[in-house]
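Chemist: Handing you a structure now.
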Amino acid sequence: MKVLDLLTVLSASSLLSTFAAAESTATADSTTAASSTASCNPLKTTGCTPDTALATSFSEDFSSSSKWFTDLKHAGEIKYGSDGLSMTLAKRYDNPSLKSNFYIMYGKLEVILKAANGTGIVSSFYLQSDDLDEIDIEWVGGDNTQFQSNFFSKGDTTTYDRGEFHGVDTPTDKFHNYTLDWAMDKTTWYLDGESVRVLSNTSSEGYPQSPMYLMMGIWAGGDPDNAAGTIEWAGGETNYNDAPFTMYIEKVIVTDYSTGKKYTYGDQSGSWESIEADGGSIYGRYDQAQEDFAVLANGGSISSSSTSSSTVSSSASSTVSSSVSSTVSSSASSTVSSSVSSTVSSSSSVSSSSSTSPSSSTATSSKTLASSSVTTSSSISSFEKQSSSSSKKTVASSSTSESIISSTKTPATVSSTTRSTVAPTTQQSSVSSDSPVQDKGGVATSSNDVTSSTTQISSKYTSTIQSSSSEASSTNSVQISNGADLAQSLPREGKLFSVLVALLALL
């Protein structure tokens, strides 16, 4: 068997395959391992199984075996632990490898990795499609100063100038952050957050554009049975007496830029336009994937892209709803508190275009001297007539005997004699417009238009005058629901006025 064919099936870098064009004898172990990763090429065969779509984003720390990847059961050792993943080549023919259980159709990947050392030892992290599109990141153990980037389109190896080398500080001794951003218009390779290479989709050598799975593993490019070109590229012949050779992966982040359950080749053109997303769309979650990646790269977590979108939407809706409710409540409270509309009128009905019903204003009076039906209503004539909560407003009294005094947070003067010290509560509760009137200490609250009957006034005034006739200068103390106490002394003239009003009411 040709080593070129063997390496292609193994999904190893096509750059390596280029140097392996010469014939060589492959071992039975290598042949068996190679056949286990063989896939159906939809550009050459019909009826290939659709590719399972990732259609989400995730971060994997490999503290235990991962649901996202399958151990290909090649010879070698794979361990999981608190420090992440280790893949060890302990002897000849070992080739520990993990393959993703999903495909992405464009996406972004990040790996925190320390490459294996050792002459001829190759550490690999790459994307590959069923029709042999490929995007690579590779390290050779004998070179502790750089890593390599490469790409291929449809397995085309007619030219060999696709690979590039990038300087990096001791990659076999230190962990570094390597990132691939495979977008529709370009692919970008990053080292520790810095762009080191950009490939445009207008490349004359083609551009990867079909669904790809993720592979990672370690193998011996310097095996003495390999072609001379492969051994040279890998840095020389591998000395297995120096084994074991281990590569380490601390974390992997993967995002898919597309949505759907499966990706299918619609024809044999191999173009991205021919790819069909079952139940989704190509590039349908690009923006969401960027958000997911940012969260995951900063140590955050998400359950899935759909959950993330739903959560963001729900959160936004909740925030808006909360803000609106808070604003309405605050506005209503502010309106009632700042409206100084002490009004003396005949069976007057105070109305408002506002539908807010702060009917929970439950001020109580310890000593009610002029306890007419002092009514708090959410129906304020207009927001435009509001004054600040600390403002005072003088309202002329009416000649009628029936009074409706709208409660206010600050004293207001009626005919320059009577002052109301009744203030509505500043805390609003959700009470429907048809909720019953709450009466505490002679202060009635209702969201309906309020009227004060002659009988109510007469009764209340009479009762009040009798209970407080001995108190010439008593304090009218009002207990507001938030615990604040306000007290004002009612002038003597005010009492006389109250008596006069009560007598008129009896006529």
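Cβ from N, Cα, C; glycine included.
Straight from Swiss-Prot, here's the annotation block:
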- 1-22: signal peptide (SIGNAL)
- 34-260: domain 'GH16' (DOMAIN)
- Asn117: N-linked glycosylation site (CARBOHYD)
- Glu134: active site, nucleophile (ACT_SITE)
- Asn177: N-linked glycosylation site (CARBOHYD)
- Asn201: N-linked glycosylation site (CARBOHYD)
- 329-368: region 'Disordered' (REGION)
- 381-439: compositional bias 'Low complexity' (COMPBIAS)
- 381-478: region 'Disordered' (REGION)
- 451-477: compositional bias 'Low complexity' (COMPBIAS)
- Asn482: GPI-anchor amidated asparagine (LIPID)
Chemist: Measuring Cα to Cα, how far is the residue listed as 'active site, nucleophile' from Asn177 (N-linked glycosylation site) in Å?
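Modeler: So the alpha carbons of the residue listed as 'active site, nucleophile' and Asn177 (N-linked glycosylation site) sit roughly 20 Å from each other.
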Chemist: At the level of the C-alpha atoms, what whole-angstrom distance separates Asn117 (N-linked glycosylation site) and Asn201 (N-linked glycosylation site)?
Modeler: 34
Chemist: Between Asn177 (N-linked glycosylation site) and Asn201 (N-linked glycosylation site), how many Å separate their Cα atoms?
Modeler: 24
Chemist: Quick one: among the glycosylation sites Asn117, Asn177, Asn201, which has the most Cβ atoms sitting within 10 Å of its own Cβ?
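Modeler: Within the set of glycosylation sites, the most crowded position is Asn117.
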